[in-house]
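Novice: Submitted below is the structure of interest, expressed as structure tokens.
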Amino acid sequence: MSLENPRTHYTSQIDPEKIGDEKVTVCGWVHEVRDLGGICFLVVRDREGRAQVTLVKKKIDKELFDTARKLVRESIVAVTGTAKPEGKAPNGYEIIPDEVVLLNEAESPLPMDTTGKVDAELDTRLDSRFIDLRRERTTAIFKIRHEVLRSVRNFLSDEGFIETSSPKVVATATEGGTSLFPITYFDREAFLNQSPQLFKQILMSGGLDRVFEIGPIFRAEEHDTRRHLNEATSIDIEASFVDHFEVMEILENMIAYVYGQVIENESASLKNLGIELEVPKTPFMKIPYSEAIDIVNAKGEEMIEWGGDLGTVAEHTIGEYVFKETGESHYFITDWPTEIKPFYAMPYENDPLISKSFDMMHRTMELSSGAQRIHLHDMLKERIESQGLNPDGFDFYLRAFKYGMPPHSGWGVGCERLVMTMLGVENIRDTVLFPRDRKRLSP
Ligand code: AMO
């Protein structure tokens, strides 16, 4: 089935010099109607921009003029006509219409302004996300998010990674038992998965060698902050026969590639957001954990003993230090104490108190964690037990380590944090269409 007035162009694709008198049809939303009596300007908006439709009363059919004049904002229209150069109009042209078809009238008043002239609170925007998406700023963020995910897929595929999907309904915790959402699975208790961690390791060992997944992770953390979601999107990799240094290199190269692709392919969206993006320089600075705490302690704002975790203040201190030293925002903290990393992180052979693990940081927050993993069955079982977990619950996972498990490494990056830090967005909720947080379950 096709509509009676099929779209011929997005508003950004019309160049009157090239198309001459050829008829064009743009389809979209009524952004604005300016009725000046003898002349009426109708601005139609689509995903790619805006087109000005100019109706001069004396020169066109009365019914057509009246239809345009009475259009309610955000109604859906298809406009067919001829494009003429017009320096003052958006995209440098105006459409002289033969036909304006009202496809669906919007109610009035609107739940919120779409022109960007009136600033709405985040909560109001999220309640009416369908309409918030029509603001240029919001559209720009989600086009960039698309470009981030597209280029991640591109990069990892080119690096020989195979895209996989793992179950989200699971029986076991992976990242510690406190932050799981329990669900009822027929007559059993199950959980929403916190991370594809265990599955990506099994998949990789199953002969796929290098795997990646982009999918939801669920964290039942109570905190209500600007950088935590209860449902986030994680970009995960797992690779055989490589150590933590090699996957760190893949990660920094991926970040640089993604920035480059966004600059190349989403320049209009960046301009809309008023952002001049630069590709981060690789390799990123690597600071071992013990040096990182020295940097924090030297500042004297807080004292961290060896073995303690790094909080937000500490992360900021180290981020500022790196920025001063290198002029860059991205860096790694490596060689974390084994005890504060998950059970699957591989300890150094010559110093088992330290693990072959890392976090990749942006000046403002953690973007990723990863490690070389334990690939030896007995050592892994012992680490599970020493973290107070019951190995029986991990039977499906541990079995895979008995029958040919290569040495391997991997990492997970939060997609929203990647977009957020790239664009300097204040609140992570702005980078998810329908965020799930402590208070928000709908829409
Ligand atoms: P981790 O728990 O550090 O590691 O998560 C990896 C990355 O996912 C993002 N992230 C979140 N983003 C928003 N809201 C949240 N609540 C949230 N939780 C995590 C962050 C974080 O750096 N299995 C390991 C990864 C690995 O070793 O491969 C893991 O899940 O950007």
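Glycine residues also receive a Cβ, built from the backbone N, Cα and C atoms like all the rest.
Grabbed the feature section from TrEMBL, which reads as follows:
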SITE      Pro90  site 'Important for tRNA non-discrimination'
DOMAIN    142-443  domain 'Aminoacyl-transfer RNA synthetases class-II family profile'
BINDING   Glu175, Arg219, Ser369, Arg373  L-aspartate binding site
REGION    197-200  region 'Aspartate'
BINDING   Arg219, Ala220, Glu221, Arg227, His228, Leu229, Glu366, Gly414, Cys415, Glu416, Arg417  ATP binding site
BINDING   Glu366  Mg(2+) 3 binding site
BINDING   Glu366, Ser369  Mg(2+) 2 binding site
Novice: Among the binding-site residues His228, Arg417, point out the residue whose Cβ has the most other Cβ atoms within 10 Å, with all shown protein chains included in the count.
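Specialist: Sorting the candidates by Cβ neighbours within 10 Å, the top entry is Arg417.
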Novice: Restricting to the same chain and to residues at least six past its boundaries, which positions have a Cβ under 8 Å from a Cβ of the region 'Aspartate' (197-200)?
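Specialist: Cβ under 8 Å, 6 or more out: 164, 166-167, 172, 174-175, 211, 213, 236-238, 342, 344, 394, 396-397, 410, 412.
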Novice: Near the Cβ of Glu366 (ATP binding site), how many other Cβ atoms are there if near means within 10 Å?
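Specialist: Glu366 (ATP binding site) is surrounded by 17 other Cβ atoms within 10 Å.
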Novice: How many other Cβ atoms are found within 10 Å of the Cβ atom of Glu221 (ATP binding site), counting all protein chains shown?
Specialist: 15
Novice: Determine the C-alpha span of the L-aspartate site listed in the record, that is the greatest distance between any two of Glu175, Arg219, Ser369, Arg373, in Å to the nearest whole number.
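Specialist: Between the outermost Cα atoms of Glu175, Arg219, Ser369, Arg373, the distance is 22 Å.
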Novice: Can you tell me which of the recorded positions Pro90, Glu175, Arg373 is spatially closest to Arg417 (ATP binding site)? Compare CA atoms only.
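Specialist: So, of the listed recorded positions, the one sitting closest to Arg417 (ATP binding site) is Glu175.
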Novice: Taking ligand 1 as the reference and 6 angstroms as the Cβ limit (strictly under), which binding-site residues among Glu175, Ser369, Cys415, Arg417 are close?
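Specialist: By the Cβ criterion, which requires under 6 Å to ligand 1, the hits are Glu175, Ser369, Arg417.
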Novice: Specify the nearest of the binding-site residues Glu175, His228, Glu366, Arg373, Cys415 to Pro90 (site 'Important for tRNA non-discrimination'), where nearness means the distance between Cα atoms.
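Specialist: Ranked by Cα distance from Pro90 (site 'Important for tRNA non-discrimination'), first place goes to Cys415.
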Novice: Which value in Å gives the longest Cα to Cα span across the ATP site residues Arg219, Ala220, Glu221, Arg227, His228, Leu229, Glu366, Gly414, Cys415, Glu416, Arg417 as recorded?
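Specialist: Across Arg219, Ala220, Glu221, Arg227, His228, Leu229, Glu366, Gly414, Cys415, Glu416, Arg417, the two farthest Cα atoms sit 18 Å apart.
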Novice: Within a 10 Å radius around the Cβ, which one of these binding-site residues has the most neighbouring Cβ atoms: Arg219, Arg373?
Specialist: Arg373
